[in-house]
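Shown next, in structure tokens, is the structure this report addresses.
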Amino acid sequence: MEDRHRYLFFIFAIIHYVQAQQGFISLDCGLPSNEPPYIEPVTGLVFSSDADHIPSGISGRIQKNLEAVHIKPYLFLRYFPDGLRNCYTLDVLQNRRYMIKAVFVYGNYDGYNDYPSFDLYLGPNKWVRVDLEGKVNGSVEEIIHIPSSNSLQICLVKTGNSLPFISALELRLLRNDTYVVQDVSLKHLFRRYYRQSDRLIRYPDDVYDRVWSPFFLPEWTQITTSLDVNNSNNYEPPKAALTSAATPGDNGTRLTIIWTLDNPDEQIHLYVHFAELEPVGENTDEALRTLFTRTFYFVVNGKISYDESITPLDLAVSTVETVVNKCDGGNCSLQLVRSEASPGVRVPLVNAMEAFTAIKFPHSETNPDDVISIKVIQATYELSRVDWQGDPCLPQQFLWTGLNCSYMNMSTSPRIISLDLSSHKLTGKIVPDIQNLTQLQKLDLSNNKLTGGVPEFLANMKSLLFINLSNNNLVGSIPQALLDRKNLKLEFEGNPKLCATGPCNSSSGNKETTVIAPVAAAIAIFIAVLVLIIVFIKKRPSSIRALHPSRANLSLENKKRRITYSEILLMTNNFERVIGEGGFGVVYHGYLNDSEQVAVKVLSPSSSQGYKEFKAEVELLLRVHHINLVSLVGYCDEQAHLALIYEYMANGDLKSHLSGKHGDCVLKWENRLSIAVETALGLEYLHSGCKPLMVHRDVKSMNILLDEHFQAKLADFGLSRSFSVGEESHVSTGVVGTPGYLDPEYYRTYRLTEKSDVYSFGIVLLEIITNQPVLEQANENRHIAERVRTMLTRSDISTIVDPNLIGEYDSGSVRKALKLAMSCVDPSPVARPDMSHVVQELKQCIKSENLRLRTGLNQVIDSKSS
């Protein structure tokens, strides 16, 4: 019972504090999502986890020995190893003024003792570069900003090798009649109260949780009061900051405050708070009152910047606002100067002051209706792309994958004009929020698992010029209004139950059509088979027919690429040059038409299973076409001679390059990433772009070939299997594949699926990263995945990466690639990603590496120009 009462008391306390902090958002970044909100004991502020406001990042904690000097909200942090841009989304009040604070306490959370730097963005605009070098106690960035919508995005952007992170996010709603500026935001420069002290003032003394630091120079004189000071003006500076003031020392007549700027051209906004702490009594006669009234002028950078003289109010605050357009050489000064004509004897004073630099954010956010629509689409289809964060269209280098936008000028909001969600395994109906993208010109939803009908609203989207709904499970009739649209290209093949014209056939009223169609089809198939059998019997010797009874299944269409054995002899110059050898047979170099280089794979006569694999590869390669799959030029099927003719891949296979068989040439990290993503694209096509889908079943580095430009193409389809509509996407089989690359799940189920290819690709990716053998013979055939998993727990990535790369890589992209590879080789097939996800993740790795290369190039150019 006592515990229950204590719990209820805690809940009521939280509610009380939250109600007192209306308009506050206080996020403890990295605090585990299962941790409840808590009251920070020093300030009484209620902090909660940030997990509901960002889809990415990993929780970290500063080192134990550093925790004592920080308050609780700064002990945890969230760091971002994935993606270039990671964004918080916060619900705010549109067109209301907020103070936004971002806190960064590194605390050597990663053990590297390497202080990071990165960029911080507000929506599509850069706010500030965060550089923590030398800032042992952390850093705080603060800005006063008016959101243009009811959703605010705060993004951390990777700029180099270090990982962005954040400790806390704090938003405070301000009065709209304070800090009023035109078309700019105010970046915090300093906020001081003038007293000899070491105490920071913040909430609850300051109702807006502004943090005031003490400042005092030895040559000044301090005055204080124990009387109450009225702080009731628009700004409400805390009373604790108003009960002291600085005045000139040694009977001086002017008080000088100096500060410096990194950029001398920055515009400065000053807010100076005054209160008279030595009031003249009410009963004092007029002459003495005049003598002891404090009157002075405001002089900035040597010029009077405030037309009227300033007379502080007795024990009450008044605030003077002024703008400084430029500080020569970055040296700024504010002087409070007693007027020589003033009859008063008192010198100037200042109680507190705030200084800001003006930032003009050039880019307008993407049209808010488009943003709402694309986020509803993202949520409906559960699209978890790491780059689908922040503003969809801006900055352009962070444009969401699959989108294109129109850009007029920086002051006009971009519009989404193209949406490509092909091959994303979308399920359910076509989401109606697509129609709210009113400027959409291109819509691609092909190669998914969408159901339901084609919606009428597509016909009403006047901007649409192209719609691709191919290869889904859509049903019913296409709206006539959509078919009647001129200047609209509509693709919808691969939807068996979707009708192009008129009402679809049903079980009633269309029985005659239902019966006639299959009968006619059966007759046509029978005649075709009969013709094939007759031709086959006439042309083939009986011995060959007995050896290969299913050869008649090769279609007549395939014969268009048929090459005779004599042509094979001619193109290979009687099999002069061997370029490879495998279980299928020998591969020879050759020339087609005396000009085009080709690779000729000849079936060994001793191969008992050769013809089945030969047939599979011919039929597969003749119907798949992808830039990252090796193209079949032709084939030979002549009596006892079987051969496949491929495009020639001048740079051999990936394994030979990794093993050093090509001399001293080491594949750079950017080249390895390109090879990985190109291989992944080939596999993605087999799994998602082919109907029916295909499983390669023998993905390995030796089957990844490189052309003269080092473009990767997947080869050796002899073991591949395709799956018809309605057939389960797995195959029960005898022993296939290559030891080390073969899915361990196969030894339990004797089945191979798309996730088996994913596993094999993960092994290849580990080879690419580490350049280690898949099976280590000197260590009882210990597997590469097991070795890397152990190394990840004991050391950093530099000991895992191929030493031949000599550190020339972006550590973030390597870390991301390693994480991806380990997810691909997860023992549970369900936990492995699909190839579409693999492609997207590898593209992010390439972006990170390209950013490193561009940064390095710019540094070289800068050094040469200087």
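The backbone N, Cα and C atoms fix where each Cβ goes, and this holds for glycine too.
What you see is a predicted model, and the numbers here were worked out from it, not measured in a lab.
Listed in Swiss-Prot for this protein:
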| type | residues | note |
| --- | --- | --- |
| TOPO_DOM | 21-515 | topological domain 'Extracellular' |
| REPEAT | 415-438 | repeat 'LRR 1' |
| TRANSMEM | 516-536 | transmembrane segment |
| TOPO_DOM | 537-866 | topological domain 'Cytoplasmic' |
| BINDING | ILE579, GLY580, GLU581, GLY582, GLY583, PHE584, GLY585, VAL586, VAL587, LYS601 | ATP binding site |
The repeat 'LRR 1' (415-438): DSSP-derived helix, strand, coil residue counts: 5 helix, 8 strand, 11 coil
Site with most surrounding Cβ atoms, counting all protein chains shown within 10 Å, from the binding-site residues ILE579, VAL587: VAL587
Winner by Cβ contact number (other Cβ atoms within 10 Å) across the binding-site residues GLU581, GLY585: GLY585
Within-chain partners of the repeat 'LRR 1' (415-438) [C-beta distance under 8 Å, separation at least 6 from its ends]: 366-367, 369-370, 372-374, 376-377, 380-381, 383, 392-393, 402-406, 444-455, 457-458, 460-461, 463, 468-469, 684, 688-689, 834, 836
